[in-house]
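Novice: I'd like to ask some things about the structure below.
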Amino acid sequence: MRAVLGRDLRLAVRAGGGFGLGLAFFLIVVVLVPFGVGPETEILSRIAPGILWVAALLAALLSLDRIFALDHEDGSLPLLATAPLPLEGLALAKALAHWLTTGLPLVVAAPILGVLLHLSGPGMLWLLVSLAIGTPALSLIGTFGAALTVGLRRGGLLLSLIVLPLYVPVLIFGAEAARRGADGLSVATPLLLLGGIGLGCAALLPFAAAAALRVTLR
Amino acid sequence: MSIWSYANPRKFLDTTGPWVPWLMWLSAAVLAVGLVWGFFFTPEAERFGSSVKIIYLHVPSALMAINAWLMMLVASLIWLIRRHHVSALAARAAAPVGMVMTLIALVTGAIWGQPMWGTWWAWDPRLTSFLILFLFYLGYIALWTAIPDPDQAADLTSVLCLVGSVFALMSRYAVNFWNQGLHQGASLSLDKQENVADVFWVPLLVCMAGFVLLFVALVLLRTGTEIRLRRIRALRARARRAETVPA
């Protein structure tokens with residue numbers, strides 16, 4: 001599992017791996033929003049938590065189809081499947097690698113971009129916390145979606161159609177926690193529910209992803 | 001004789017084939033009775049005026065939108081556990097019907113909402129969760145059509161249906177948390193005191209029965225079509241093989 005993780009991380013950061021693309025996408029979406037809604041400070045700071053959450057979600061979506069597609073193309077996916085590591089473990093390692101290369105940079109960059117949108121101090125803190133808890137769930141759900149669509153041509157668009165509805169609960173609780181934090185309200189309930197979703201995804205979705213991979217590799 | 005004997009496609013077709021026209025006519029008759037009764041022979045509710053009559057379309061279609069997904073869930077489970085092809089095809093056949101039911105519920109709700117709430121659309125929990133259900137149907141159907149191999153498609157869509165059910169349920173409660181809404185609570189239930197008067201309740205029940213019959217008829221018809229489609233494909237493939245490899 002550690003070997004798969006290390007391999008995926010190395011592949012991502014080396015040339016052509018697409019590391020940082022998600023981050024750049026995140027930056028561009030956040031920069032475009034003020035052009036769309038106007039530069040008024042109070043409007044921007046009010047919608048900032050939601051915008052940052054939606055942008056982070058889209059940025060995570062962008063790199064999902066790379067999780068299994070590249071391995072499928074060059075034939076290493078069947079090899080990984082015959083390795084002693086069970087497919088469930090492979091799915092979990094892939095999700096972790098995706099989170100480390102996409103989710104974690106987003107979490108770190110979010111408060112910096114929050115400055116651009118005039119996000120308040122406590123808002124930044126709770127945005128950081130909610131993203132840190134919520135993005136692993138995004139990676140896990142995305143890994144499941146990628147496993148479903150791995151063998152397909154034009155899988156990318158289909159992948160977003162399948163994965164985006166699954167992202168709804170995470171987005172609701174994550175953005176709610178960030179919004180409440182920015183308004184100075186209690187954030188415990190949405191954060192607990194968000195954590196619950198994340199843990200539930202970590203416990204169950206690798207099995208679903210492995211089942212989908214087995215079907216594709218059959 | 002167990003119910004599993006109907007998993008044989010030929011037996012399924014032979015048994016359900018003759019039912020389909022009967023079910024169609026029956027559902028048409030029941031729906032005609034229910035709708036005419038509901039539209040023309042019920043008094044106007046004091047607060048809502050005649051616009052209340054749209055519930056005879058809205059409530060049954062919403063009911064069937066959810067029940068269609070439940071039926072797909074059960075059919076997917078049967079396919080994953082017992083590998084009966086008819087079951088997978090029934091799930092596939094039900095999806096577009098369920099999607100149309102969801103759309104009918106959304107559209108009739110919007111038409112009702114315009115005079116009553118003063119808006120076509122509000123981000124109310126019930127409305128939002130129905131919209132999300134619609135998106136789930138879209139993804140499910142798109143996955144079916146994207147995979148060329150039928151068995152692989154059946155497997156993957158079944159897995160999606162299982163995971164999607166969990167997430168659809170979760171979204172249902174998440175949007176409840178997210179926004180308190182305009183939509184009234186459940187006013188029909190079997191165990192509590194009814195808060196809908198009998199004059200409206202009975203024709204509504206007839207309409208619900210009509211929609212259930214319509215759904216069953218459509219799903220049986222479409223399942224039969226899918227089975228025949230697959231049979232034609234198999235025959236074509238066999239014919240091609242016979243051409244290329246002369247015996």
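Placed from the backbone N, Cα and C atoms, the Cβ positions cover glycine too.
TrEMBL: automatically predicted annotations, no manual curation.
The following feature annotations were taken from TrEMBL:
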- A:12-37: transmembrane segment (TRANSMEM)
- A:43-64: transmembrane segment (TRANSMEM)
- A:96-119: transmembrane segment (TRANSMEM)
- A:125-150: transmembrane segment (TRANSMEM)
- A:157-175: transmembrane segment (TRANSMEM)
- A:187-213: transmembrane segment (TRANSMEM)
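Mind running through what each feature is packed against?
Specialist: Non-local neighbours of the transmembrane segment (A:12-37) in the same chain are 43-44, 47, 51-52, 54-56, 58-60, 62-63, 66, 97, 101-102, 105-106, 109, 113, 116-117; each lies 6+ residues outside the stretch with a CB under 8 Å from one of its CB atoms.
Remote same-chain partners of the transmembrane segment (A:43-64), defined as residues 6 or more beyond its termini with a Cβ less than 8 Å from a stretch Cβ, comprise 18, 21-23, 25-26, 29-30, 33-34, 37, 98, 101-103, 106, 110, 113-114, 117-120, 123, 127, 130-131, 134-135, 138-139, 142-143, 145-146, 159-160, 163-164, 167, 170-171, 174-175, 178-179, 181-182.
Sequence-distant contacts of the transmembrane segment (A:96-119) (same chain, at least 6 residues past either end, Cβ-Cβ under 8 Å): 4-5, 8-9, 12-13, 19-20, 22-23, 26-27, 30-31, 33-34, 41, 44-45, 47-49, 51-52, 56, 59-60, 63-64, 67, 127-128, 131-132, 135-136, 138-139, 142-143, 182.
Non-local neighbours of the transmembrane segment (A:157-175) in the same chain are 49-50, 53-54, 57, 61, 64-65, 130-131, 133-134, 137-138, 141-142, 144-146, 148-149, 190-191, 193-194, 197-198; each lies 6+ residues outside the stretch with a CB under 8 Å from one of its CB atoms.
A Cβ distance under 8 Å defines the sequence-distant neighbours of the transmembrane segment (A:187-213), meaning residues of its chain 6+ beyond its ends; these are 68, 77, 81, 86-92, 95, 126, 129-130, 133-134, 136-137, 140-141, 143-144, 146-148, 150, 169-170, 173-174, 176-177, 180-181.
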